[in-house]
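Shown next, in structure tokens, is the structure this report addresses.
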DNA sequence: GATCCTCGAGTTCC
DNA sequence: CTCGAGGATC
């Protein structure tokens, strides 16, 4: 700290000899410290007293301060981050971090095993399975004894069970660690799977995670994936310390780990006893991918990356279930929390062949332990009014600790659900956290039902506005008919308008909306933009600072996109995805409004993907309400803007809204080519003929579809006629 | 007409 | 996360 030394300018405070000596000493210290770290954390046998460790550590810090050119990202000193950072930078995962399919019952595991074997057999076709040979057993796999040998004859396919890597499913946080040339350069949270947060500074403080891989020949890039967690004993100690210091205690190890990783000041994280286990891989450049998952983890071990020892290679559903039972029995005695086990097809080539369904790999299954359940008393059932007027009964429970959190509320969804579960007010009920998050009432304990238990009665009038509650015969949900008369619905509409995926008005939460609506300061979203600092500051829990923050947030929210704006309007059945479709299709809001004003002609709306008759009707109704159009005008007048794309709708695709069905073999076009041609012009190509079909394009050997088209009087074209028609557009 | 899939809506706790 | 509804597909 005494002086600022300028690297590369030896003429300053330090001579060249100084620098050389310092570099040498720093290197010695790093090796020494790394050795002690290993002894302390991995062998659990410290070689020197803590104070001595601290002294060596301090010496290295001082050296690095005096000679900044000695600072390296893999130095032990980098484990304790410097100064707090502003938030966390986003990190886009080059290979997405997917979630796993879940199973709870033995049947789920058997079904998984069946899907996998079938999948491998199908893709394989006549080539036969290339699964690991029947001999060799568990241990032999990682060795990958030679190149994939000749496929077995197809005869024993059914008898060859698939080989799986089975491991624990830790209750922590998924993290991706990026090593470049063997040095840890970045650590990111899973986030939404596509984009996570950069928590490198915090991860560096976890002593079990090597800053440098233990190899002379590291891959150019290795992205290790695994779980950050906190051991129970560490968690207990941490909580004792927190309590003693008057700080808040954590409810469970997972939360403690999450809270620690989310510290902006990594010096705090450094004091938290976090651990890590690797279980997967993202990017790998400059090294050969091991042939099996188990071999990958073996490799990790040699690199000094912590891998949990409780893992096995097993065969078939029987092997999986055996592993599950053994782990289940050991669960309570494990030093950390797990919420289940994970099975992965062991061979990578088989994994690749199985591929993915939507967002989860087909080759893996998370087999979870039954959700923790607890008993408590159902104190009351109240109803809530949602944005669309949906009346939702909510269970008020005597607080009960279940699955790592205290639960006091749980949704009961609707009347049918209450009847199905047979719960009455006063009952002792079983509560669990579905998927370990959302509290759920499983059912009631009938022999503990008190004599004075009351059945829930759906109110006939809205508890908020008094309007009638109506339940359509074929719907499960009862709704308040009050619409925007109902304060509850207005509040929800405003919250929806302000939510992140809509206009993203930061700081406009439920408490504030509650006040604004109750005191009749605002009625519609447009009124929000008329708020001034003075008016806001008069509210509870709203000083000048928060008030001006909100005004600033409103200012920021004025600039948005058409898709967000349409979504924000809260049109029934129009969520984020449909709003995007509408924005893309119409380009300008006025085009959409204009279409709706032309009395109830829904064809243009139906041309939008994923808009069917019900959604079209709902959109049309919305824009036919003068009130709604008025609010939109007010919003625009208040300066809410978005870039409008060029009149996409001025030249709408000529076949928009038309449905075609292809049948038979066309003379020159393949099915896919014909489909692409039609779709490029906005047509929908459906699979079967119905009254909604506009044209059937028939080729040779057309069968029942052609017959049906004729029966329904749907025009039938051949390929030439279709080409002529497209050319004429 | 049945079934699969996606989207919307509602919800909890920290 | 879960359920139900709507749309698309077979």
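Here the Cβ of each residue, glycine as well, is placed from N, Cα and C on the backbone.
TrEMBL annotations:
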type	residues	note
REGION	A:1-20	region 'Disordered'
COMPBIAS	A:11-20	compositional bias 'Low complexity'
BINDING	A:50, A:51, A:52, A:53, A:54, A:99, A:100, A:167, A:190, A:227, A:344, A:368	NAD(+) binding site
ACT_SITE	A:169	active site, N6-AMP-lysine intermediate
BINDING	A:462, A:465, A:486	Zn(2+) binding site
DOMAIN	A:650-729	domain 'BRCT'
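When the Cα of residue A:344 (NAD(+) binding site) is compared against those of the recorded positions A:169, A:462, A:465, A:486, the shortest separation belongs to A:169. Rounded to the nearest whole angstrom, the C-alpha distance between residue A:486 (Zn(2+) binding site) and residue A:190 (NAD(+) binding site) is 40. Residue A:486 (Zn(2+) binding site): 21 other CB atoms within 10 A of its CB, across all protein chains. Put simply, residue A:190 (NAD(+) binding site) is 15 Å from residue A:169 (active site, N6-AMP-lysine intermediate) when counted between their Cα atoms. When pLDDT values are averaged over the domain 'BRCT' (A:650-729), the model yields 67. Reported as a whole number, the C-alpha separation between residue A:190 (NAD(+) binding site) and residue A:462 (Zn(2+) binding site) equals 42 Å. Surrounding the centroid of the Cβ atoms of A:462, A:465, A:486, where the record places Zn(2+), the chain contributes additional residues within 8 Å, namely A:385, A:389, A:463, A:464, A:466, A:467, A:480, A:482, A:485, A:487, A:488, A:489.
Cβ environment of residue A:465 (Zn(2+) binding site): A:480, A:482, A:485, A:486, A:487, A:488, A:489 lie under 8 Å away, each six or more residues apart in the same chain. On the backbone, the CA of residue A:462 (Zn(2+) binding site) and the CA of residue A:100 (NAD(+) binding site) stand 41 Å apart. Sequence-distant neighbours of residue A:100 (NAD(+) binding site) (same chain, six or more apart, CB under 8 Å from its CB) are A:342, A:360, A:361, A:364, A:365, A:366, listed in sequence order. In the structure as shown, the Cβ atom of residue A:344 (NAD(+) binding site) sits within 10 Å of 21 other Cβ atoms.
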